[in-house]
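Q: Structure below; questions to follow.
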Amino acid sequence: MFDGYDSCSEDTSSSSSSEESEEEVAPLPSNLPIIKNNGQVYTYPDGKSGMATCEMCGMVGVRDAFYSKTKRFCSVSCSRSYSSNSKKASILARLQVTGKPPTKKAKVLQKQPLVAKLAAYAQYQATLQNQAKTKAAVSMEGFSWGNYINSNSFIAAPVTCFKHAPMGTCWGDISENVRVEVPNTDCSLPTKVFWIAGIVKLAGYNALLRYEGFENDSALDFWCNICGSDIHPVGWCAASGKPLVPPRTIQHKYTNWKAFLVKRLTGAKTLPPDFSQKVSESMQYPFKPCMRVEVVDKRHLCRTRVAVVESVIGGRLRLVYEESEDRTDDFWCHMHSPLIHHIGWSRSIGHRFKRSDITKKQDGHFDTPPHLFAKVKEVDQSGEWFKEGMKLEAIDPLNLSTICVATIRKVLADGFLMIGIDGSEAADGSDWFCYHATSPSIFPVGFCEINMIELTPPRGYTKLPFKWFDYLRETGSIAAPVKLFNKDVPNHGFRVGMKLEAVDLMEPRLICVATVTRIIHRLLRIHFDGWEEEYDQWVDCESPDLYPVGWCQLTGYQLQPPASQSSRENQSASSKQKKKAKSQQYKGHKKMTTLQLKEELLDGEDYNFLQGASDQESNGSANFYIKQEP
């Protein structure tokens, strides 16, 4: 295991020459007689006696202030660059600008008044400062999960919570104190060398690593993606013939590093030998460009359309509607999303479908095999089943922060239902949406009350507080039987406060930094960091639109960082404002209070509430629905 250890020493001696410690200053315009020397700037207005020209950059100044004995260069930087490859580039650039190469003879600048020269220099310095501020502002906006978690002591959801994500089902017991072999960045050798590091903290795919030998010293701790190509199990260097070299900072601590490693690593855990192979295999996706699917029409939720897979990133599909001539009319979703189906699905279950104007498939396009799509649980519709007109509670797909009073508008085949939000439905039913009977996004009457969630009543309903019994009697409706709903609660592992990366389902091309703020059995309340609570979304714990920390980095998808106060105020025509507009469409009425648990219902229809824990962190099944007594 330790044959890869290389005891070669590095030349860590530092040069005593002032050349190594001298700070480089940004180059100044050639039209100013400015000399850089030991960090100071000299201005000579006369431009006459004792002048010299830098052979590297062409700057003219007082000879005594030039660098080196020969006074050929204006600074250490130019002296070093003269003998490097940048000399040729600099001379070519100078030829292009002035048409003349730099000469060894001193040139006398055109005389200018002292005030003008000082003003020009002051303006130049101001420009440099502005550029520095601009660069600093840009770098401040760069987002790092490691810094974000460290500075706030956050906890990320473990990879095992995301079965659809790479390594979600084969993560194993990767945890703190697992050892890996990683590149040694504290090294001045010309070749790439490695050293052993231990996991100090895990955050999704990201791990905070500390080189062996640093003990409790966190000075050189660093974050990396554990699924990255430079992370290897202990023993990989020996098998690959790569050198193990201790970091320069601690090289003096031990004389026998091989013995140190044997002692430290005996009994320690490392990654499985085939870890990188498993990562690669878990990132192979069966969906390919040019495949045709049926997907929900984002403008009319009640129907589906044909779309073509344009690209696949980490299992997420960019679908372009088949009739889009410029290929900009697209829709993003995961390949396991319940919103996509095989060609012919709509006809098979009786779902509305928009026929394409394209009479035949375009060259290269082909139908996606049906077995690639997510399977839904089989249900028995022969006995007691959902009926049109039954009432229930459902997550509003156009305002995912709310659970609303809803009605079953149509019963389709294979357990699918068309649902409408009471008080907000279009006359033609164009805003009905399709949920399967086992969907975790629909709930029996009383679910919100039992779990202390605010239920959004029908728009315009004035009899407050909203009472289900009164509403059912007024509308002449019945509640959908509780036993027909999905009551399975998996051991998902999520906890309140955990960080993750989540799709903004109101703008599904965006994946944002997010937090779990509530857990109602299998239902998660997802908050987008930096945004108001009105943008929160209710999402199922097994939703394919949730990802571990580091997923975007691993797959190459762009992550949206937490919104700052200024971005929230100034982000005009942004996706978030689009979402707010959609949200406000359903907020024309004042938010209503839910049923009060202490209030007794009228006689005649008895509802016994089985109290379930709200925001509980325990997993497993629970009685949290209303039980209807005969």
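Cβ atoms here come from the backbone N, Cα and C positions, even for glycine.
Okay, these came from TrEMBL:
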REGION    1-31  region 'Disordered'
DOMAIN    45-80  domain 'FCS-type'
REPEAT    143-247  repeat 'MBT'
REPEAT    255-351  repeat 'MBT'
REPEAT    353-458  repeat 'MBT'
REPEAT    466-562  repeat 'MBT'
REGION    562-592  region 'Disordered'
COMPBIAS  564-575  compositional bias 'Low complexity'
COMPBIAS  576-592  compositional bias 'Basic residues'
REGION    608-630  region 'Disordered'
COMPBIAS  611-622  compositional bias 'Polar residues'
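Neighbours and distances for these, please.
A: Each residue in the repeat 'MBT' (353-458) gets a DSSP state, and the totals come to 10 helix, 31 strand, 65 coil.
Looking only at the repeat 'MBT' (466-562), the predicted model's pLDDT averages out at 96.
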Q: With DSSP helix as H/G/I and strand as E/B, how many residues of the repeat 'MBT' (255-351) fall in helix, strand and coil?
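A: So the repeat 'MBT' (255-351) is made up of 22 helix, 35 strand, 40 coil.
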